[in-house]
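Here TrEMBL flags 1-25, 123-161 as region 'Disordered'. The compositional bias 'Basic residues' annotation in TrEMBL covers 1-15. Sequence annotations record features per position, and here TrEMBL assigns compositional bias 'Basic and acidic residues' to 16-25. Annotation comment: TrEMBL describes 22-96 as domain 'S1-like'. Positions annotated as compositional bias 'Acidic residues' by TrEMBL: 123-137, 152-161.
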Amino acid sequence: MPKNKGKGGKNRRRGKNENEGAKRELILKEEGQEYAQVLKMLGNGRLEAMCFDGTKRLAHIRGKLRKRQWINTSDIILVGLRDYQDAKADVIMKYNSDEARRLKNMGHLPESVNVVDGNEVEDDIFFDNESDEDSGDEIAPQPYQPVISSESESDDSDESD
C-alpha cells in the first residue's frame, strides 16, 4: 500500500483561507456594471438586489463566487447588467465593509446607504419598562394568586355557619 506523502487531503485544503487578510485593489464599476445592495437571499445561487440606479433586480451569483465567498443581506456588491434583460443581473464581486466605506467616501455610493460591518451587532431590541432612574430596589407587583385551602378548613367554615 502506498504511503501518504502529502500534508492532508481535500478537507485540509478546503479549510484554508489564504487570501483573507490580504488587501486587494479597489475595483470600480465600468460601463455595463452597477453597484447594488442585497435585499434578500433567494437560494439556488440567486438574490434580490437594489441597484443604486433605482432598479430592483434579480441577480445570479456566478460559480467562482458561489462557494468561495458568502453573500448576506445588506452587503454591497458589483453586478454586471444584461443587455437583453434589464430586470436581471450577474454578481461580479462582493465588497467587504472597508471597501464599501471607501466607495461611499469617494462618492460612488449614495449617502443614504448604510454600510454594516460583518462583526457589528445591531441593537434593535428596546424594552418598555427601562427607565433612567435606578429602581432595582423595588419589587415588581405580583399577579393575583388565589389562596389554596385544605378540605379540613372548608369543613370548619361550614360548621360555623
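One-based numbering along the chain as shown.
Every residue, even glycine, has its Cβ placed from backbone N, Cα and C.
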Under DSSP, the domain 'S1-like' (22-96) has how many residues in helix, strand and coil?
4 helix, 37 strand, 34 coil
Can you give me the average pLDDT across the domain 'S1-like' (22-96), rounded to a whole number?
91
